[in-house]
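Before I ask anything, let me first share the structure, which is written out below as structure tokens.
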Amino acid sequence: MNIILLGAPGAGKGTQARILVEGRGMVQLSTGDMLRAARTSGTEMGQKVAAVMDAGQLVTDEIVIGLIAEQLEKGATGGFIFDGFPRTLAQADALGDLLAAKGESLDAVVELRVDDEALVDRITGRFTCGNCGEVYHDRTKPTKVAGTCDVCGSHDLKRRADDNEDSLRQRLLEYYKKTSPLIGYYHAKGKLKVVDGLQDMAKVTADVAAALDG
Ligand code: AP5
Ligand code: MG
């Protein structure tokens, strides 16, 4: 099963993707995570996109389509979860072509729908484990032991450079201008399922499962 998790910054795409990976053996393809990894390892592409990401703007279609094409080549028996990709109509068309070339298709697009008001708190309270990638929140999902990742025990807990109110405002603008048209695009293709992303995490997880299995 190949699915897209669609939603504004902080909607919970990464959180739900990790749960699906754990529960269904799917492979998460997060273009945001790939771009951050390229920055950390200091590749030329990583250096090129750093300022764009920190300002909350989208990097070019060419770069992210290239990243996804590379990962699709590796295959995934449990299917792929596209997290934060596609984000433009050009990316959506490219994904359709890439999957078709492999004789595959998209099974569902799950939109995690949230209210902008909730996003500031979600984004400013977020931190992640630099070792295993587990996602936390100061209030809604703190670590059990302060400063230690529950999953892998690492003390490398960090906050993202674009997780501040100014970048979030720009990320939201980009979302509404360039990404939200995908809601209509996938609705027209009969793929769209909408889940209320403002519910607590367990309820969102249950609704995502129902959307995929129902
Ligand atoms: P990306 O990394 O994809 O960021 P984003 O879309 O802004 O989304 P986030 O990762 O911020 O949010 P999320 O939905 O994953 O939420 P999470 O689960 O962490 O992209 C970053 C940048 O990279 C972009 O701005 C752009 O520059 C570039 N980029 C990436 N892909 C690109 C593309 N395709 N094209 C062009 N440029 C691209 O949850 C957030 C917080 O809320 C966490 O603290 C979590 O614990 C908490 N939380 C989650 N669910 C709940 C819940 N139900 N209740 C309470 N708290 C919750
Ligand atoms: Mg994410």
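Placed from the backbone N, Cα and C atoms, the Cβ positions cover glycine too.
It should be emphasised that the depicted structure is a prediction, and the values quoted were computed from it without experimental measurement.
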For the AMP site that TrEMBL describes with Thr31, Arg36, Gln57, Leu58, Val59, Gly84, Phe85, Pro86, Arg87, Gln91, Arg171, which of these is also annotated: Arg159, Arg160?
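Record check against TrEMBL: AMP site with Thr31, Arg36, Gln57, Leu58, Val59, Gly84, Phe85, Pro86, Arg87, Gln91, Arg171, extra candidate from Arg159, Arg160 is Arg160.
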Per TrEMBL, what member of Arg24, Arg126 joins Gly10, Ala11, Gly12, Lys13, Gly14, Thr15, Val135, Tyr136, Gln199 in binding ATP at one site?
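Among Arg24, Arg126, only Arg126 appears alongside Gly10, Ala11, Gly12, Lys13, Gly14, Thr15, Val135, Tyr136, Gln199 as ATP-binding in TrEMBL.
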Counting only residues 6+ away from its ends, which parts of the chain sit with a Cβ under 8 Å from the region 'NMP' (30-59)?
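Contacts of the region 'NMP' (30-59) (Cβ under 8 Å, skipping residues fewer than 6 from its ends): 13-14, 17, 67-68, 71, 83-85, 87-88, 133, 160-162, 166-171, 173-174, 178.
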With DSSP as the yardstick, break the domain 'Adenylate kinase active site lid' (126-162) down into helix, strand and coil residue counts.
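In the domain 'Adenylate kinase active site lid' (126-162), the DSSP-based counts are 0 helix, 12 strand, 25 coil.
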